[in-house]
Every structure is written in C-alpha cells, then in structure tokens.
C-alpha cells in the first residue's frame, strides 16, 4: 500500500501551523503602524496625490481652434470650384487689379437640359475664370518666414514681370505698349523694325547706345522717361527677337527680363502718328530717315486725294504687258508691287483676291488668244523674235541640218510649205534612231514661237487636242505605233488641212483647222504599208546621226532662241515670209494694246 500524502499524523500537527500561528500582541501592532506612518512622511513618494484646487487652462481654446481649422478646410474642399485660393493675388491685390485689356467671361448656354447633372458641371466649369488653382498649405512657421518670402518674390518676378513692365510703360508714356506693337509669338521670327521698352537702364549707357546702334540701324527713335526708355530701331537686316534682346541687353547692361520687344504696327495710322509727332519733340533722339510705313501714313501726298480702290483693269493690263498668264505667278508678282503700286496695295487689302486673280488670268488668256488669231504666221514669227534678247548665230542650225545629211535647200523648201500650213503639207515628221536630237530641235522651235504641245498619254481624254486651239504651231513628241494607229483612224482630216470639230472643255465643240504640226517618232512611215494613207499627208525628215557633245558634255550645236531668231532674220526672204510693212508694221511707233481706260493726265 502506498504512502499517504499530506502531513504526518503521528505528531498531531505539523510545524507549519505552529510557525504561522505565532503573532505579536495587538498593542505592539498599533505602535508599529504609527511608527510606519511617521517614518513614511519624509520618503521619496511623498505628495503623490495632489490635493490642491484644480484651475481650468487653455485646453478649450486649443480645441476650438482645431475644430475651426478643420471646419474651414472642409468648407474649402466643398467650395473649391467657386473659391480657389489665389496666392499671387493675395500677395499683391493692387498689382493684380491692373489689367491692360478687358477680360470677358465665356457666354453661358441659354438652354440647359436638366438630366444627369454632367452638363451642368461642364457649364459651371466653363463660366469660371480659367486660372491655376493653388492648393492650400499651412502657414510657414515664424522661423521660416524669410525663406517663404523669398520664394514668393521669385514667383512674382517670374510670372508678372511683363505685366509690371507694361504698367510702368503706360505710366511713363501715357500709351499702352500693345497699341504701338503687334505680337510675334515666336522668338525666331525675323523683322527689320523692332520696338523696345527697356526698364532701369543707366543714363550714360543710354547716351552711348545712340552712337553704338547707328552701325546696326538706318533709323533710330529714342525717348527716355525714368525708369523706362523707348526705342524704335529699323535694322539694316532682319533680326529675330532673341538677337535684338541680346544686343540691347549687352549695350545697356540690363537683364533680358527687363526688355519688352515687339515689331511695330506698320499699318496703324495712330501708331504712325505717335512716332511722327514724337520725332518733332526736342527730348526725342532721331537718327536717319523715317521708314516708309511712317511717311506713307503721315505725309500728305497726291495719292491720298483719291479713295484707295482696287481696279481690276489695271491688274489685267500689268499681267498682259508682262506676259503673265499663270494664276500663281500673277498673284505672287502683283503682291510684290504693293510697296510701290497703290492698286497692288488695294488688291492685298481686298477680301476677294482669289476671284480677281482667276478673272485676271482668264482675261489675259482671252486677249493673248485674240491677238494671236489676228496675226498671220509671218506677223507672229516677227512678234516672237522681236522679244528675244541677245544675239545668236544662225549657222548653228544650218550646220546641224547638214550634220544630219540633209540638203539645206530641200529642208528650206519643206519648212517653207510647212509654215504656210498648206493642205497635206502642214505635218512635218522628224524620225530617226534615239538620241539624234529630234526632240531638242523641235522643242527649241516650239519654245521660240510659243507653240502648244500635246501628249498622246492623255488620249483617253476627249480634250487632249484642246491646246492646239491656243497655238500658232503644235508639237506631238515621240509618237509610237499606238499613236500612229490613232492618227490613221481619227486625224486624217486634220492632216488634210480641212476643218475639224475640236472638243473644248466647258464649251461647245469648235470648228477649226489644225495649226502646223511637228511630230517626232522613231518609226519611218514610208516603210510601214499599213499607214499608206498617211504617206501623202506627212512630210518626213530623217535624223540618222546622234547628237554630238564636246568633252565637257555640252552640245556642239546651240539650238537656242537667239539662234532661231537669227535664222529667221537671215532667211526671211527665202522662207517667203511676208514683209511687215505690208501688214501695217512700220516700226514700234504704234500704241501697244491697252485694256484699261487711261486718263489723259494719268501716270505714265
């Protein structure tokens, strides 16, 4: 049997009970408690409990301040679209209130659909002024006040420097800078004339600039009202804004941000009067002669007596005299005359320039065509060679013909009948191997006589023969076998010298005869039996030899306008061309054609 657990029962009670049961007398316990309390009065944990009267501090004020800041932040988030913080305006409200031009708000829509609210939000955003929203930030501590103020000054200097200079310029000169200038958005755009407003330049440097700028400008206008100085510089060559600003900043020792630079308004009469009247003041320095855009708007001239109106007939007369029939050339060349011609200036100011250019080109073509139709072939050749400048050598053409193994007398006979446009003799075929000078010979003649060129590549169009109606001579270059089949099928009547019906665009088919027609080809028709019906209608000339060139790859025979003009003058009688005296041309004393009603006392 196992030992029993617990205390030993043999001795009755264990020692633990006796040990714990011993206690001191009650009187002794009371004395010990009093002693303990007396000794503990001077211990380190004395005054642990504060029994003094509690006073209310500033905790309520701090709580109210925190709640107020939190409420303001929440209200600001809710009303961010209506009340955006404007840091720059709060820094300088007086400067922000200065406006050079009036501001206009965007127009509201009259009828807005009340649907999902998306459109209302868009309209609300459009009605508000488009400004950069600055997020709210906590105020800087007192120790960081200088650093924050320096940042604000840099921001104000970089963002509002132009507005500040414009305000100071208007206070000094009494006129807005933008009223005198037009705006160039790009700093790389070049202009001869520049208006410069310089801020805070030294007087001695301003006086020195009067002499230093004379080597760059042909006209200088300078007036100074402290602290602003106004320059009008007309440079000898066109300069960009970057170049001009660097030049002025170097001469006057100022920062580039202190310079306003724009080109002047050269079409504004008030601006021109400002510069002109200013040049009469004693405190204004002027060097050189005033530019034309100032004089033309301020000086009284006889041209200003009449109202500046555009006259289309004068433009047509100019295009006719200069042989301009292309619309792009007419528009460009006439616009270049705006500085010296009042009618060209009125043309640029008109809103219907495209209409006038088209009408001018069309009328010139009508006049030229009527003039050509009135002339005979002899008169037309004389008219063309009279406009050739320079001297040529007719022997180059003669040597080239002999180089091709042709009898020159036989060539003259064929060429004479060709120019007379005789029936079945009005088509001249130049055939031979490639690179023999066929096209060069024919093109040089067509260029002198201002003939028309047709191309078989456009044969699918029914108007491909229309240019033949506008020329005294025609050319069909490089006729292939397909082209000869077309000629054999449809153009026999034209080669016979009879009237044909020619379809012209935007017009009814007209009745006309083909002009003398030159055809170049590599095919010899006499050896083609299938084209036997063309043998009697075509006069053939063979060019068997290749065109020669020298060591510098230049042609040995000069087939130019001067050479052909000399050729016709030399062989005028042999070609049986009519005498110009018989046709009424007795020299250049006759009055040229004019299409405008010139006044007796008008300009010559």
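Glycine too: its Cβ is placed from the backbone N, Cα and C atoms.
According to Swiss-Prot, the ATP binding site annotation covers 432, 433, 434, 435, 436, 437, 438, 439. Summarising the annotation, Swiss-Prot assigns SUMO cross-link to 513 and lists sequence analysis as the type of evidence. According to Swiss-Prot, the feature domain 'SF3 helicase' maps to 406-556. Look at Swiss-Prot and you will find 84, 92 tagged as phosphoserine. The region 'DNA-binding region' annotation in Swiss-Prot covers 144-307 and rests on sequence analysis.
Residue 435 (ATP binding site) has a Cβ environment of 12 other Cβ atoms inside 10 Å. Of the listed binding-site residues, namely 436, 439, the sparsest CB environment within 10 A is found at 439. For the pair residue 433 (ATP binding site) and residue 513 (SUMO cross-link), the C-alpha distance works out to 31 angstrom. Ranked by Cβ neighbours within 10 A across all protein chains shown, the recorded positions 438, 513 are led by 438.
Residues belonging to the region 'DNA-binding region' (144-307) score a mean pLDDT of 85 in the model. Across the binding-site residues listed here (433, 434), the residue whose Cβ sits among the most other Cβ atoms within 10 Å is 433.
Cβ neighbours within 10 Å of residue 432 (ATP binding site), excluding its own Cβ and spanning all shown chains: 19.
Other than 432, 433, 434, 435, 436, 437, 438, 439, the residues of this chain whose Cβ falls within 8 Å of the Cβ centroid of the ATP site are, in sequence order, 520, 522, 543, 546, 547. The two recorded residues, the residue listed as 'SUMO cross-link' and residue 437 (ATP binding site), have Cα atoms 29 Å apart.
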